[in-house]
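**Q** Shown below is the structure under consideration.
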Amino acid sequence: SVRRSSDDADGPDGSWGWVLVGALFVSTGLVFGLMRSLGIFFVEFVEYFEESAQTISWISSTGLAAQQFFSPLGTALCNAYNARMVVMAGGCLAGLGLILASQATCVLHLYLTMGLISGLGWGLVFTPMVATVMANFTRHRALALGLAFSGIGISSFAFNPLFQLLVEMYAWRGALLILGGLSLNIVPCGALIRPQRRSKARQKVGWTSRPYATYTLAIVLLNIGYFVPYFHLVAHGRQAGFSEYQAAFVMSAAGATDILGRVVSGWFSDMGHFRLIHLLSFWVALAGVFIMLLPVSSLSGSYAALVLISLLYGFSSGALTSLAFAAVPLIVGVERMMGALGLLQLLESATGLLGAPLSGRSTLGRCTVLCLHYRKSNLHRVSNYVCTVC
């Protein structure tokens, strides 16, 4: 009976699976929640290094692209060794990159530390953790992912005002040093993974599968714009004339509804009333609409309108995330899920790398830097400055 209880705990939808959901909750918050909140440092880097918005955007984009590019490496190492060791090593690298970034003297140093080193660590953490959780669930897979991914929304809600406070208290160098120590909490999350028997089938992924190829193309295109609001929304709020904390709250508000969207979407999908892929398409369409409405919402100078659209975008973007990953084992099977996730992340890396810099090169990105520098240097002379580019 003791052995049967142990099998029930370790099997699909068992109690240990929910422990892993908690580990994924924390680790994803310290990966994507932190990545989403780096917009707080965007303005600081622009002013300190006196670089353009496009140049600074490459920092976050490099980190995101590295996380996705190195995901296949994470899956290969998991097949060669085990997911526990890989995730723990990734947590160490994620923390190390941010600690080294606190000593940066030029933007290139930030590319190498926050971008490549931390990005490599994030790549070793995310895919193995997600695949491990999905392998432990069958009936409640979408709900489990929704609950785990809500850590991204909760951390986004908490990190934006926290990071703003840390920057004000310790400057950006001290804030990054603290974030590096915070990221090391990924290590004990990885230690909770129990080694499982490896299957040779995991090493083979259908490249040639038409459903998987079509799905991957759709997700890759989605990835171009998905992270853009999180990289530029704080700076956009500042450019629109709102205070630093008001701009940070916009991101926190989006993070709050992001939490709700992930959980509600996962729960509703598991009810089986609609096909998962149809629900995913619905949330993707809504997220695209709200991304387009974000810059329009602040044209009138209405803070309430900007917050409202941010809330709606947060909900829809959170709702689609849980389903995007839950669909992978339905397409390729559980045995090939680890490799399929790694390949998907690799292909996403190109669009993840280009999304934020391309948006930073737009009129909005260039205008943001112009307005911030003008207002800072001319505050004693101009009280109501209106940017002519805007």
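Just so you know, glycine gets a Cβ as well, placed from its N, Cα and C.
What you see is a predicted model, and the numbers here were worked out from it, not measured in a lab.
Pulled from TrEMBL, these are the listed features:
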TRANSMEM  15-35  transmembrane segment
TRANSMEM  85-104  transmembrane segment
TRANSMEM  110-131  transmembrane segment
TRANSMEM  143-163  transmembrane segment
TRANSMEM  169-193  transmembrane segment
TRANSMEM  214-233  transmembrane segment
TRANSMEM  245-264  transmembrane segment
TRANSMEM  276-297  transmembrane segment
TRANSMEM  303-332  transmembrane segment
**Q** Other than its close neighbours in sequence, what residues sit by the transmembrane segment (15-35), given a CB gap under 8 Å and a spacing of at least six beyond its ends?
**A** 8-9, 60, 63-64, 67, 87, 91, 94, 122, 125-126, 129-130, 132-133, 136-137, 144, 147-156, 159, 179, 182-183, 185-186, 189-190, 192-194, 227, 230, 255
**Q** Are there residues at least six beyond either end of the transmembrane segment (303-332) with Cβ under 8 Å to its Cβ atoms? List them, or say none.
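**A** Hits for the transmembrane segment (303-332): 130, 134, 141-142, 145-146, 149-150, 152-153, 205-206, 209, 211-212, 215, 219, 222, 226, 229, 233, 237, 240, 242, 246, 249-251, 253-262, 264-266, 269, 276-277, 279-280, 283-284, 286-287, 290-291, 293-294, 297, 340-341, 344.
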**Q** With a Cβ cut-off under 8 Å, give me the same-chain residues at least six positions beyond the ends of the transmembrane segment (85-104) that come close to it.
**A** 27, 30-31, 74, 77-78, 110, 113-125, 128-129, 173-177, 179-187, 189-191, 193
**Q** Any chance the transmembrane segment (276-297) and the transmembrane segment (214-233) have 3 or more Cβ pairs under 8 A, given the pairs are 6 or more apart in sequence?
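**A** Judged by the Cβ rule, the two regions touch, with the required three close pairs present.
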**Q** So which of 143-163, 169-193, 214-233, 245-264 is most in touch with the transmembrane segment (110-131), counting Cβ pairs under 8 Å?
**A** 169-193
